[in-house]
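Colleague: Structure in structure tokens, see below.
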Amino acid sequence: MFLDEPFELLLRDPGYLPLYLSILSFLYLLARQVTQVLGSLGCAQVRSTDASTLKAQDGPEAEGTSITRVLQCLRFASVLALFGVSISLFFVHGEAKRQIDISLIIFSLYSCLLAVFTIFGTTRQKHVASTHLSLLHLVSFILYVVRDIAPLAVGSAPADKHDGALGWTRFALLAVTGFLIPGMLPRRTHNIASPPAPHQTASYLSRAFHSYLDPLIYKAYKTSNITFDEIPVLADDDRAKTIMGKASELMDPVEVGHQRNLLWGMLFMFKKQYMTMACIGLVQAFNDFAGPIATNRILASLESNSPDSKVKPWVWILWLGAGPVIGSVMQQSYLYIQCLVLVRVQTILTQLVLVHSLRVRINTVWNESASEVAAATAGVSEPSPSSTLLDSTTSNEEGSSTSSDGEDDAATTAALAPSIAPSADQSKPNKDAKAKDANDETRSKKSEDYSGKINNFLTSDMNSIITLQEWPQPVFVVLRLSICIVFLYFILGWSALVGMTVMIVCIPIPGYTSQILLKLQRGQMKAADSRLSVVNQTMNALRMIKLFAWESKVEAQIAEKREAELWYIFWNDVMSCTINSLNAVFPIAAMISTYATFTLVMGEDLTASKLFSSLVVFNRFEMYIHRMFYILPGLLKAKVSLDRIGEFLNNGDLFQTPAVEDSDADHLDAHAVYIRDAIFTWDKPGTYSDMARHRFRLRIEGDLSFKMNCLNLICGPTASGKTSLLMALLGEMHFRPLVPGGGYNVPRHGGIAFAAQESWVLNATIKDNILFGAPYDKYRFDQVVYQTGLLRDLALFEAGELTEVGEKGITLSGGQKARITLARAVYSTAEIVILDDVLSALDVHTARWVAEKCLGGNLLKGRTVLLVTHNVLLCQPIADYVISLGRDGKVVTQGTVDEALKKNVSLQEEVKAEADAMKRVEEVQAVEGLKDSPDTEGDDSRKGKLIAAEDMAVGHVTWASVRLYISSLGGPLFFLMFLFAGAIRTLFNIFIKWFYSYWSSQYEKETGGGVNVSFYLGVATGLEMIEIIVIIGVYAFFTFGMVRASRSLHQRLMNSILTCTLRWLDTTPISRVLTRCSQDCQSIDSTLPGMLSTACMMTISLALYFISVIVSVGWPALLPGIFVAVTGVSCGQLYIKAQLPIKRHMSSVRAPLLGHVGAALNGLVSIRAYGAQEAFKEESLRKIDDFTRTARTYWNLNRWIAIRMDSIGAVFSGVVAAYLVYAKDVSSASVGFTLTLINSFSGELLQWVRMTNEVEVQANSVERIKELLEIDHEPPSTKNGTPSAYWPASGELRVENLSARYSLDGPEVLKNISFHLQSGQRMGIVGRTGAGKSTIALALLRAIPTTGSVVFDGVDVSDLNLSALRSNVTIIPQHPELLAGTIRENLDPFNEHDDATLNDVLRSSGLYHTQDEEGGIGLDTDVSSGGTNLSQGQRQILALARAILRRSKLVLLDEATAAIDHRTDQAIQESLRTEFKDTTVITIAHRLQTIMDSDKIMVLDAGEVVELDTPLALLSKKEGFFKGLVDGSPDRNQLYSSAGLWLESSSD
């Protein structure tokens, strides 16, 4: 009977719908089962596939099996109860409704059958049955809502009113089975990792309300902390590897094949997410007006002259409460997707930055081309190389690297950075000014600190890009504004169009101010880049800065950069305040003009329903305008950041793996190492740097072939281009053929290993550094350790091979780092091994051991080894081939060692000098013993773990941090004044709302003609304008405090870092400090103060709004008010206890990521040589996953609190509105006033909780800065510590009982050292390695804790300020630290000397003795960071020149002659004798010959003085320690002669 006329029955009574849906469901399931049976009979493979699919799908659901079973059983019970109700109704109705009752019984029976399958079926059957059952009952539930609930809203009777209690029971059961239980069932997910992320298996209701985070929040509440392992795991689609697999094809310019706009790539990558966001945003835009509509209808129902409404007031009250909850669910869903996209975009950009850094010649990214320079200088227009990236993908002749004049492996990796001092060059107006400006700009671009800039990409720019995900909001804001106009038109008629016209007229003004704001933001970001570059430079050279007493000058330079940045920050805030003020004025102008038109022109009454509903809309109008102009600057700033990263990714010449570059070469050349008729330059041919007069070129004429499967030596004088030759072979230099057949090749099929002269180590264990990702073979590893002489060194470390080397290997000596770098190359199985002067940092016996055991050992046998060295004589027995270079970068000779010696006279002289030097250096072993380790015995850095894990606070932000920031703002008085001003502003706002209530109430007493509209309009306009002025004053007042706090905290931070102890510097990664100076400083500059001021204003507003509501409504509102307050505060506390540790984890896991990128930038050449780019990319992906794991949880917690606070506010609004309408007799104006206050209260409640908690989260930055303010510091300067102006007049030095230790709780490493030197005397210090020689220099400079007395020129240095002491004592370290910039800036960082003086000290230091012409290296020569583009000898000479320039009375020299050739050594020794003849010199000797003409010699052993006297006296002392050293020296006769003692007279 039901199938005869189904559609007719359905149209007549929709109650048959559940039956017909059940029939359709049954038919569908039957057809599917039949299809599966037929398919299984025809193909067994299908059955196998289904089984595997089911097996794969079983996993994710297993976790929620128990919950699912309970819920399905509960639903089965509810379905049985529904069946019972249907049977009962069948008997109650009798014949009247028998057909409909039978249909419901069938529906119930079918539901019971499905419910049985949900419990006892297979996995697939459970899922299918549950889905069908949920859909059937959901549709049925909606059907009965329409039939029985909707009529009540308009005063009609329910369609099923005759069913009585049974009908309502049925409705309740359908709500449970069709809505509640399906919403609570855990979801199934496919193809996910194990274990799944909580949100992947969360139910729909849990997902909507983010309840899957409840266990995490509860755990945080109970323990006040969350460990990293307790943070929810990442979903498979959130993992960096998965994301990059999709993103590379869309956003990576190299993968795409052309320059790529990152914004468009992002849109294509996340198009599905953006479409979903668009749909949600569209619905939410209309739902936003639930409040205004409800307000209008409620007030209209209360007005005496209003016609009766068909819709009951309770409907609008329900909408007033439920609308915001529904809106919040949609809004948080929108934000959930937005934050998901945000985190993935950050993942993509972070990885792309690293990937591009590894594959591009880093200094070609921002450099101008030569054609641009030529156009600027000659006025000729040249085409711009816009396709540099694409060109470089097809030609490996294109590209560039860091410019270099000398020989250093890191010359291609070190970024040219600006000096910490400004340039001394001053532009002079002349006819070539334009050309000079172009050249200067090119130079400035070349001298950028690329490492600092890339670090800024990953910190400040990545934070700015957060706002980029708001790009759809302007569209939705426009839509909401349009809805506002339509709504106002329906309420106020065509007067709303007048207000719209006013708004349109005013729109260009904020647009103009936004352009100004954009310029300010760009300037601010450039200023931040400049400051961070200087900070980065400072941190890399801080040890030198401290020992030279440059802290105050460097601090002043950083402060100058900071002031430039703060200037932009201040005006940025001023402009933002101006824009916000204008955004407030325009809606007010539109509102007043609309009301004026409505009342004065149209002559209508502005009743409470019209005024307050329109007032809510105008408030929303103002909010939308604010949001628009709040988002737009952020979007512009984010676009600038994205463009900066896009510029980096779209530019630069790609590094190409060297291949056969010879069109005429035969196939055998592919297996040979050779260069044929080629020129190699550091800069791309045609660039400005390449056109420089003295730019170095490696020129190979003819055929230069290396002998395969044996040891090839590359030798030559300092700065001849030995390292450049290796870099050319590795593809790091630009190739240009001399003739058409020119080319070069290094076969890579068997692998390449590389050991750089500037040893590069990872911040990992010694073992990990040697393995470098290779499988661990214990036998091979032990052999490598033995052959490289590391066996004894590992025995000295408590943790052995598991000892952490620290950042840049700070726990190791130079020799240890060199041998670990060598061990890495030897351990690898690469067929070609390239070694760059690895012997230079080793003493002669260690070098001989390495040469014999390692270079001549079995592990390198049969492998092609290219070795750059000065130790030709040492390697002669094991070398098969020698290439000798001249100073002009040309090959002088090549062949066997004997052939090369016969043909090359200069090589003969070098070998002879080396033989002499070898004899002298052999004395070092007698002086220093067998150990090759720094003077750190007893130091607790030997215990393996050096870099301590970053401390992370637990619980709330400490009051000490709060006091620190308040005091930085201006103190408690400043803060109280700000709060008082905020209270006045809120009271003014409440008074304005009351005035509107009073105005509307006048229409209840009199008609429109009796109300003085002009008066009320004038007063309203005046009050609104006064409020804006008050707001401007409040925020302007706070802006001054904000800038004061930013200046103060940064100044204190930099002062703390610059005055730290060397011990702290050694144990703290630079990346940790840079994070404080970038990410945390950015927070205190903008995010924290903005949030703090807003949170304070909201706190005051909510308190006063709450009091006003209680006063207006009465005591009945107190109970729900207290409930709202308690619940809100409780939720806020739960939220913050979970959010704070997550935020801290976010900060702590970011530093290792930055450190990893920094390490990769420092070791680009080594990484490329080994072909280890993929390993570094994989490690980056792992570190990004750690960050993503915290970030996803961090944003999801925001969703958790938001939806709860919105719900609390909505409940409060609904309860109070219901009381006002049904339980209290008040006027519509009073109700409107109260509802407006409630609307403001509810709207700000969530923002208040979020903002106050976010303030505490952002205050983590203050906490982290405070941690660095409390580190160990050196003694501060005092007035009493300032010496007289003439001090020191002489270099007299008296030391008595000097003892020292590396840390206050460490053992003594110097014990009771005493000596006395007259002014101008020289003393040499000798002793075994670890005896404490270098420690004496640190102790004299008070760089470590000391006891005893040190009197310099009659003044005890313990009474002196450290700056006074160190500025009058000069130390020449063994490994000088140079700054990025020029030679001039390194000699005179603070522009205290003219060029003539600087040229004199360069000449006096012997620099020009190391090159064929003086112009080779001059004051304008670029120096890369750390001086890595200069040879070790050149760096030592520059350090000597710096010492000569200071003209100190006391000089401490730590000899460093092992890494330089004989000619350079002679130049240095000559300078020491001539330039410091009137200076007291203490030499830490590594060779006896250099100290035999000293006035005194001190012999140290285990930190104690063994002998101290003149050389003559010590040699005359029988069985003396020093005499034994001299007698054991091969230069015994010469040493006795140097001391003025003939050997015969001194013999026994």
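Cβ coordinates come from backbone N, Cα and C, glycine included.
Okay, these came from TrEMBL:
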type	residues	note
TRANSMEM	15-31	transmembrane segment
TRANSMEM	104-123	transmembrane segment
TRANSMEM	135-154	transmembrane segment
TRANSMEM	166-185	transmembrane segment
TRANSMEM	274-294	transmembrane segment
TRANSMEM	314-337	transmembrane segment
REGION	375-449	region 'Disordered'
COMPBIAS	381-404	compositional bias 'Low complexity'
COMPBIAS	411-425	compositional bias 'Low complexity'
COMPBIAS	428-449	compositional bias 'Basic and acidic residues'
DOMAIN	451-637	domain 'ABC transmembrane type-1'
TRANSMEM	475-492	transmembrane segment
TRANSMEM	498-518	transmembrane segment
DOMAIN	673-913	domain 'ABC transporter'
COILED	897-924	coiled coil
DOMAIN	973-1247	domain 'ABC transmembrane type-1'
TRANSMEM	973-996	transmembrane segment
TRANSMEM	1016-1043	transmembrane segment
TRANSMEM	1092-1111	transmembrane segment
TRANSMEM	1117-1136	transmembrane segment
DOMAIN	1293-1527	domain 'ABC transporter'
Colleague: In the same chain, who gets a Cβ under 8 Å from the transmembrane segment (166-185) while lying at least 6 residues past its ends?
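Modeller: Those are 68, 71-72, 74-75, 78-79, 81-82, 85-86, 88-89, 92, 111, 130, 133-134, 136-141, 144, 148, 158, 160, 203-206, 208, in sequence order.
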Colleague: Mind pulling out the one from 451-637, 673-913, 973-1247 with the most Cβ pairs under 8 angstroms to the domain 'ABC transporter' (1293-1527)?
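Modeller: If we count Cβ pairs closer than 8 Å to the domain 'ABC transporter' (1293-1527), 673-913 scores highest.
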Colleague: Below 8 angstroms Cβ to Cβ, which residues of this chain, lying six or more residues outside the transmembrane segment (274-294), approach it?
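Modeller: Contacts of the transmembrane segment (274-294) (Cβ under 8 Å, skipping residues fewer than 6 from its ends): 267, 316-317, 319-320, 323-324, 326-327, 330-331, 333-334, 337-338, 341, 472, 475-476, 479-480, 483, 487, 613-614, 616-617, 620, 1217, 1239.
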Colleague: Within this structure, do the transmembrane segment (135-154) and the transmembrane segment (1092-1111) have 3 or more Cβ pairs under 8 angstroms, counting pairs 6 or more apart in sequence?
Modeller: no
Colleague: Counting CB pairs under 8 Å, which listed stretch among 104-123, 973-996, 1117-1136 touches the transmembrane segment (1016-1043) the most?
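Modeller: Of the candidates 104-123, 973-996, 1117-1136, 973-996 scores highest.
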Colleague: Excluding the flanking five residues on each side, which residues at least 6 beyond the ends of the transmembrane segment (15-31) place their CB within less than 8 Å of a CB in that stretch?
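Modeller: Residues packing against the transmembrane segment (15-31) from afar: 2, 6, 9, 100, 103-104, 106-107, 110-111, 114, 128, 132, 135-136, 139-140, 143, 147, 160.
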Colleague: So what's the average pLDDT for the coiled coil (897-924)?
Modeller: 60
Colleague: Quick test of the contact rule: Cβ under 8 Å, at least six residues beyond the ends. What residues does that give for the transmembrane segment (135-154)?
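Modeller: Distal contacts: 14-15, 17-18, 21-22, 25, 107, 110-111, 114, 160-161, 167-168, 170-171, 174-175, 177-179, 182, 310-312, 314-315.
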